[in-house]
Amino acid sequence: MQFLNLFFVTEGGGWSQWQAEEEEGPLPSPKPREVRPKSRPVADEVLPGLFISGHHFASSLPLLRQLQITHIVNVTTAANVFEGSFVYHKIPIEDDRSEDLLAVLEPALLFMHRALSNDARVLVHCREGASRSVSIVAAYTMRFEHLPLGRALDVMQTRRASAVCRPNASFLRQLQSFEAAERQPATAGTGL
């Protein structure tokens, strides 16, 4: 007996897998297994009070209020959706290897750390919630949770079981440089 595996891309950008046994005659009815697309209106809590999502979640006022989000790090070139309703920190970069992630990290990490130190709830989002936002949160966990880069990414992937955590190759190289710099003795003037 053989199995027939079929994979389909769904309208929402996710995928379904159907499996059926091949027998003589018609195939039995397949049982679909839906997997949510990587950009979905869901936020995942990576650390207490620190969430990651894609743009869909960050554009839903009811969902933001449901999680009691107070601060938002917008890592896109798009406008802040609810300016005046939340405290925003804007990082207008693209998910492109030419972007200088290191140039935007310090202000973002300071914003996040101050908010989380005051029991705020912070959402970091980009378009898909997979590269830019993951890179920013990875840097945060490296600095404030004292995790190496690989472990920081593993923690995020574990907490975001249904989403992809995949910083682009340039961001990964820059995070490796950030990790090496974090291992150096602290210098005055960082503000942290």
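Glycine too: its Cβ is placed from the backbone N, Cα and C atoms.
Taken from TrEMBL as is:
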type	residues	note
DOMAIN	40-184	domain 'Tyrosine-protein phosphatase'
DOMAIN	99-171	domain 'Tyrosine specific protein phosphatases'
REGION	20-39	region 'Disordered'
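Confidence over the domain 'Tyrosine-protein phosphatase' (40-184), given as mean pLDDT on the 0 to 100 scale, stands at 95. The helix, strand and coil residue counts that DSSP assigns across the domain 'Tyrosine-protein phosphatase' (40-184) are 65 helix, 22 strand, 58 coil.
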